[in-house]
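Have a look at the structure below, then the notes.
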Amino acid sequence: MSEAKITPSRHSYVKDRLQDSLNRFIKHESFGGVLLAFCVGAAMLVANSSYADMYFTFFHSEFGAFFSDSHFKVSLQDFINDVLMSFFFLLVGLEMKREMLYGELAGFKKVSFSFLAAFGGIICPVMIYSYFNSGTAYESGFGVAMSTDTAFALGLIMLLGDRVPKILKIFLVTLAVADDLGAISVIAIFYSDNINMQWIYASLILVAVLIYLNYRDTKYLSLYFLAGILLWFCVHHSGIHVTIAAVILAMAIPGRTRVNKKYFINMLKEFERMKVATNDWNDVVYARESEKVGFWRGSFKNIRSFIFGNQDVEKKIDMAKTSQLVHMLDTIGTYSRYAQNPLIRLEIALQPICAYFFVPLFAFANAGVTLEGNIDISLNSVMLGTILGLVVGKPVGVLLFCFLGEKLNLATRPKDLNYLHILSVGMISGIGFTMSMFVANLAYKDDIMSIDMSKISILVASSIAAVLGLLVVYLSTIKQDNQLENINEEDEIQKLKETQSII
């Protein structure tokens, strides 16, 4: 078989896998957004009910281990925020790498458009928040106003179903991925303290190990996870936030699919051996046909075979032949695993558990805020900076930087993506929720009042951004429907004129 015939099929296979991965991501994230909204609502209800003390006591309860005079303990909330959410940031890192290697972020002009949009969506909210809080005790909370919750955002646009063009969904995903990269960078730089250089050096050694594993194109994910766990431990003790360890691990996971010619030939040989061993697959067909008998008939046949074994010759099993077939299947499975893309395989495994368990659990553990009457929400600079940053700063920044990037020829706007779409994505990216709450816990640390005020602001801002974003998306799709109707009418008129000219 010639190389020319192999190449298109390989490109088609990779393209199909990437398309399936993107669709699977959108599916998980959209349903995860609905589940996330339920968890936020449940947390708010419980935190303001008679079960509030039980709720807060449960998530602040500590557990750990001890050895001799040494002991280690952590609260359940810290375990969720630092350990379980590391898997979420690992998934974010994998998505970023996939998009930059094969997806909508591949190529400088393409990646620069999404990164410019994300950069604008970071700079403008930070400027607005800093305007209200510069020089105050709350100025460290600027990172709260710049984060996007991808799950909520995708869950929102899925409410409109097929009305939402696919390019809008893809742009939202790539913008959110680039936005997460910016948020992670801000966390690593501005929300890390008491840096311990010895642990930094240990972390750098482990980063070198991960780079070497990637260079050797090691396919065993267990080796990466072992190095990643050690890296997480070192980064945690270094004073830098552990999210950076998860992203570094993601960047080290190989993103190549290498189909070795030797493995491919060996797989074909195993298939030929199975074909011969099963009498040109006839034994397999007969075995499947024999299994199609009913439950009662099959049970009676098995009992009769057990009691009168010599009378049912057909049920005798050739153990040597069966073992040979099992060995062949194991060999084919091994070669198949060698050919799989580790990045996509790990991403597919992490998507459902993050969307359905880790992120909703984080939301339920952190969204519980007690609404007390003595909180002055009308004049608080934290609330004004957060709400205006997310609701106004996000769409203005995204739209402005996309426009400047295209006009200055720094980036290429994707085909079929208009500026009304970009505005709607900017509105939707103002939904902060989990990412903003995550940053709020880091920014205000032990200031419970500021954390609660920030969380209330996030909930209000995200709700406003969701309503406005949904409205703008709907308006943009109405315009698209009208354009399609006009095109169809023009086609009908043209066909009518052609018919009349023929007559």
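Cβ atoms here come from the backbone N, Cα and C positions, even for glycine.
Features of the protein shown, as given by Swiss-Prot:
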TRANSMEM  31-51  transmembrane segment
TRANSMEM  74-94  transmembrane segment
TRANSMEM  112-132  transmembrane segment
TRANSMEM  141-161  transmembrane segment
TRANSMEM  170-190  transmembrane segment
TRANSMEM  195-215  transmembrane segment
TRANSMEM  229-249  transmembrane segment
TRANSMEM  348-368  transmembrane segment
TRANSMEM  384-404  transmembrane segment
TRANSMEM  420-440  transmembrane segment
TRANSMEM  458-478  transmembrane segment
For the transmembrane segment (195-215), what are the same-chain contacts with Cβ under 8 Å, counting residues 6+ beyond its ends?
-> 223-224, 227-228, 230-231, 234-235, 237-240, 245, 248-249, 252-254
If you count CB pairs under 8 A between the transmembrane segment (74-94) and each of 31-51, 170-190, 384-404, 420-440, the winner is 170-190
May I ask for the residues of the chain that lie six or more residues beyond the transmembrane segment (112-132) and have a Cβ under 8 Å from a Cβ within it?
-> 104-105, 139, 141-146, 148, 171, 174-175, 177-179, 181-183, 186, 381, 384-386, 388-390, 392-394, 396-402, 404-406, 410-414, 422, 425-426, 429
For the transmembrane segment (348-368), which recorded stretch in the set 31-51, 170-190, 384-404, 420-440 gives the largest number of Cβ pairs separated by under 8 Å?
-> 31-51
Contact yes or no, the transmembrane segment (420-440) and the transmembrane segment (170-190), 3+ Cβ pairs under 8 Å, gap 6+ = yes
Could you give the residue numbers and ranges of same-chain residues that sit at least 6 residues beyond the transmembrane segment (31-51) on either side and whose C-beta is under 8 angstroms from one of its C-beta atoms?
-> 149, 151-156, 158, 354-356, 359-361, 363-371, 433-434, 459
